[in-house]
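As written in TrEMBL, here are the features:
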- 1-96: domain 'YCII-related' (DOMAIN)
- 129-221: domain 'YCII-related' (DOMAIN)
- 1-20: region 'Disordered' (REGION)
Amino acid sequence: MRVMVMHKIDRSSEEGLPPSPEMMARMGALMGEMTTSGVLLAGEGLRPSAERVRLRFSGGQRTVMQGPLPGTNELIAGFALIRVKSMEEAIGWASRFADLVGDMEIDVGPITEPWDLGFCPKPEGDVPMRFLLTPKADKNSEAGVPPTPELASKMGKLLQEMKEADILLATERLQPSSQAVRIRFDEGKHTMMDGPFTESKELIAGYAMLNVTSKQEAIDLSLRFAGVVGDVEMDVRPVDEASDIPSGP
């Protein structure tokens, strides 16, 4: 099964502070082990919320909120990872998705690139940017209600257009939060809460996509991650593997 583990923002990540060399070394060793074993499929970190945008669509109108973003309804229904030239272009693609779905909220956040962490020089010229689009959960997504056949068809066409334009890098729909586990790590101790979650007010700082044999294996790996980074909150959410339901941003 595939599971998305999302770690939440903290003061250091919100202030854009780089991790210590020791933490980077320990995290690199853990990620290397998980990659070699085939458990880690993908993972990205997000820049601080000051660089993100929140889009609200209601009654055919769009409201754009510039970061830093407050933590309100941070329970997501899925995600799309895209590669475009600018934030404005990313907002444009998110808006096209909302044109199909209707009233909704989507956060658009730039991905932390290797040069942001000093691993390599930033390439010269017009470098494409990667963004994570995260639509917020609603009553239907939390109930596991699939889109109508008409909406599914329109979403499929939009995603195909994005793939052909080399814009869409990945997209997944998540199972409802009733299938999730929330882990809080504080001063060396952890607590776990089974879903569903009535609220989630902590912004996402990054995620890892895991290929595991069980939810418990994902939890065990999440605890190892927490052992590296320290106090953190994480949500462990299974991916919706229903092949007949297209994912979307």
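The backbone N, Cα and C atoms fix where each Cβ goes, glycine too.
Residue counts of the region 'Disordered' (1-20) by helix, strand and coil are 4 helix, 7 strand, 9 coil (DSSP-based). Outside the region 'Disordered' (1-20) by six or more residues, the chain places 27, 41, 45, 47-50, 68, 71, 76, 79, 117-118, 172, 174, 202-215, 218, 221-222, 225, 229, 231-239, 241 with a CB less than 8 A from a CB of the stretch. Averaged across the domain 'YCII-related' (129-221), pLDDT for the predicted model comes to 93. Broken down by DSSP into helix, strand and coil, the domain 'YCII-related' (129-221) contains 30 helix, 36 strand, 27 coil.
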